[in-house]
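Q: As listed in Swiss-Prot for this protein:
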type: BINDING; residues: Cys149, Cys170, Cys402; note: [4Fe-4S] cluster binding site
type: REGION; residues: 454-485; note: region 'Disordered'
type: COMPBIAS; residues: 466-477; note: compositional bias 'Acidic residues'
type: REGION; residues: 546-588; note: region 'Disordered'
type: COMPBIAS; residues: 579-588; note: compositional bias 'Basic and acidic residues'
Amino acid sequence: MTTEGLVVPALSTQQDDSTFEFDKVCSKTVVRSHLGLPNDATDDQVIKRIREYYNISEICNFLKQKVEGHELDMIPKYKHVTLQFPDSLICDSASIVHELQRELGLMPRTEDSSEVKCSADSCCKTGKVESPLSQKLWILADTSYSSCCIDEVAAGHVNSDLVIHFGDACLNVVESLPAAYVFGKPSLKLDSVITQFKEIYANRDSKILIMADAPHTQSLNQLYNILKPEYPNLAYADLYLNPSSNASIIGYDPCPSQSSILNVLNRTIIGLDNGDIDTDIDTILLEHDLFHIEVPAVPRLLQLTTRFQSVTTFEPKSGLASQGPYPKLMRRYRYMHMARSAGTVGLLVNTLSLANTKTLINKIGQKIKEAGKKHYVFVVGKPNVAKLANFENIDIWCVLGCDHQGIIIDENNEYYKPIVTPYELLLALNKDQNWSGKWVTDFNKVLEDMSLEDERNKQEINDGSDNNEEDSDDEAPEFNPVTGQYVSTSKPLRKLHHLQISSQEQHPELDNEGSQDLVKKFSSAVAIKDTVSTSAMHLQTRHWTGLGSDFQQNDSDEEANNEDGALVEDGRAGIARGYDYDRETKFQ
């Protein structure tokens, strides 16, 4: 037998040099389309454009402010500064911070480590010492909630005393932290805008209002002056910053407001006739067609469609205009009716920075209790389908967030339960009030409506028109207006006289029973202390109700009902390389 045909068996899989090489990370080309630079732009050109786009010099002048009335004139007013960027502008964050540090002289100086004492601010391990008069900069990349709002939560982690917000912003009033807005200077081709504008609005006498997002609003004044001679009824919306807010805008000065009634949607209307100023602002807006530069977020777009006669959006990148389709208001009307038959409401907090958030939560909670419903407050960060799906016993969600991007509009029916706004929930709780077609998302407007309703109720009580005597009969049955089915848990906090559970004080013979029997009585009851227990009713509909429930047999098997559930035993403890029984075996 020859050995020529024999093959040595492989003791391992085939390996070559590529097996032991590190995986190569493909470098990504950063696309900065908002800067308007060619793809082959040099680093110097990019830095120069960034300084012009974000007004780096004006930001430095703003940060160079000193504390007034202090003994030392060199103490900076803002020592801990956080820079907040949206995802689309995070690519410029490192360059912006480097330019700010270079111009403000914030580069740390290095000293001999032997002369440095260990402390909280400086450590001998690094040998770097921060001057007590210097400033510190942090980058906030991942916002806690909506990117258009000031992120006070993330800024509080570094004890920030100023937040500089870059990009588009909602300009809503912040709770406490000072803020500054830097919108940037995006390029806008006015010729393309004018061409599309004239094609859509052939009638020169039409009442038209021009609006844009915060960065493109800086170009509206120039566009307005060009189109005004041909369109006499033309107006535009400039930015409006509430004087009560501790915020400022860097690089742009909005036009002053002509009248307080023209301040709406965080904008001030410019160019209206003097006769229209005395008219109700809602009536004025309904008479105008809106031409909006840049496509707003879905909540903002839905809000605009309810305030104007028609809405046209213009996309600056593509240069095309669109008149729909837009989010439908009928779905909001349907969700409002579903909220009327809901028994458990989940208040979903989607912001922690806006003013009056806590006040709105407390007042809405009180309204829910008065309506005989239950509510729970949830703070889960950025909401998504998976997070909200964990709470099955919630019948409907009420989201409290920014009116620009903080309101959840479920266009694709991804969420398992309907999501409404505070305004829609208040309409559902007050059955005597009909929906006029408006869609209100402003916190202050909702609080004003609640205050007016409370005043009317007090006036009715004083006039004696309110009857405080309770009817002896049960309340009228509640039906779901969408499905038509009877709903028995729409008001779980209402007083019941036909369903209740006995306590040990009322029946002392329960003391002789076992603790397990008492638990079973409470778990099977649907009413506790004269109110419906939605948790107990939801638990009864589940197949798995806890440990040992999978050992229970059918109700017809009397012997099986008396059997105990699974016994709880000590499990395996330790880590994978050495559990308890492994150690005992090793030492034996």
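Just so it is clear, glycine is given a Cβ too, placed from its N, Cα and C backbone atoms.
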Q: Determine which residues of the same chain, besides Cys149, Cys170, Cys402, have their CB within 8 A of the center of the CB atoms at the recorded [4Fe-4S] cluster site, and list them by sequence.
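A: So the additional residues around the site are Tyr145, Ser146, Cys148, Ile150, Ala169, Asn172, Thr351, Ser353, Leu354, Gly401, Asp403, His404, Gln405, Gly406.
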Q: Run through the Cβ atoms and count how many others sit within 10 Å of the one on Cys170 ([4Fe-4S] cluster binding site).
A: 21
Q: Report the member of Cys149, Cys402 (the binding-site residues) whose C-beta atom has the most other C-beta atoms within 10 angstroms.
A: Cys149
Q: Tell me whether Cys402 ([4Fe-4S] cluster binding site) sits in a helix, a strand or coil according to DSSP.
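A: Once the DSSP labels are grouped into three classes, Cys402 ([4Fe-4S] cluster binding site) ends up as coil.
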